[in-house]
Amino acid sequence: MLNFLQSVQFVKEVEKMIVEYERDINFNDAIILYEIAKHDAELIINLANNIKQHYFKNTIELCSIYPAKVGLCSQDCKFCSQSIHHSCSIEIKNLAMLDEVIEYLENIVSFPVKRFSLVTSGERLNDLEFEKILEIYSYISKNYNILLCASLGFLTQERAKKLLKAGVVKYHNNLETSSTYFKNICSTHTQQQKKETLKIAKEIGLQICSGGIISMGEDMIERIKLAFELRELDVDSVPINILNPIKGTPFEDMKIIDQNEIFITLALFRIILPKKTILLAGGKENALGDMEIMAYECGINGCMVGNYLTTKGMEIREKIEMLTKRKNSINIFISKS
């Protein structure tokens, strides 16, 4: 174990390697940083913040999602309230119509939100549902100045091309956790299927968004593995969710990790993925409360605002007020040209 002076020197060397030489750390470096964080978390958090400041200044990118189809999912992900394998009290919702999506979007575009995504439950949409989603995306693309993302389950190359043509610029599919821990959260599909979908999206020209959920019983090593697997896929953005234990799911009694461990996790993700947009997504209000603002000093440069799929988030205006009072600025998307 390194002493304090050795730890300080190692952190300085890592910062120089990332910021000056633009080289990535390796897995062993990340483990050493985690060992340092156990005793001197501030060293690692400051390192992550310095890296974020170098590449992104104080800017924070905002995105928002709309649940375009809810519930009746055939998959058995243990964290999810939408699975038919669990007994959760949620409102089942068939595929959304254009007018209800636009009603929600009208509120979103009154704020400096850069990206908007439709999210649907289930392994994938049927052909009729997919065509209806394409119509919604085409309409939004032609009439609103906002970047469009999609999270519609597993993807074929043909569907990816159609989404791109309809105006979608980024496709989302979370790895959820490391490849070695995935078997503990889902048995009805593999993580490899998720990776294949992301590769298809990337190959046809879509940006890709993938992250995971922390506090599902995994340890820090598994989280570090996830970060490296995301780096290998060369994802463009990384949403980090914190488990919100929902009654009726197998994880309803899961204890949330403490806030210090959350902050260290966020910092390590920034250090491993220095140039990526890393967003704080679902579960942040429940897990962090008034301490959420500290996450944006741990390397985070993105925030999902508004409601989530089956749970409520903070009001967007209130969230923006929280973010800007600590000298953060919102990264506003101005033009598609």
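For all residues, glycine too, the Cβ spot is worked out from N, Cα and C.
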**Prompt:** Can you pick which of S117, S178, S179 TrEMBL lists for the same [2Fe-2S] cluster site as C149, C209?
**Reply:** S117
**Asked** Quick one: Cα separation, C149 ([2Fe-2S] cluster binding site) versus C80 ([4Fe-4S] cluster binding site), in Å?
**Response** 21
**Asked** Other than its own, how many Cβ atoms are within 10 Å of the Cβ belonging to C73 ([4Fe-4S] cluster binding site)?
**Response** 21
**Fill in**
Rounded to a whole number of Å, the separation of the Cα atoms of C80 ([4Fe-4S] cluster binding site) and S117 ([2Fe-2S] cluster binding site) comes to 19
**Asked** Any idea what the Cα distance is from C77 ([4Fe-4S] cluster binding site) over to S117 ([2Fe-2S] cluster binding site), rounded to a whole Å?
**Response** 21
**Asked** Over the domain 'Radical SAM core' (55-284), what does the predicted model average in pLDDT?
**Response** 94
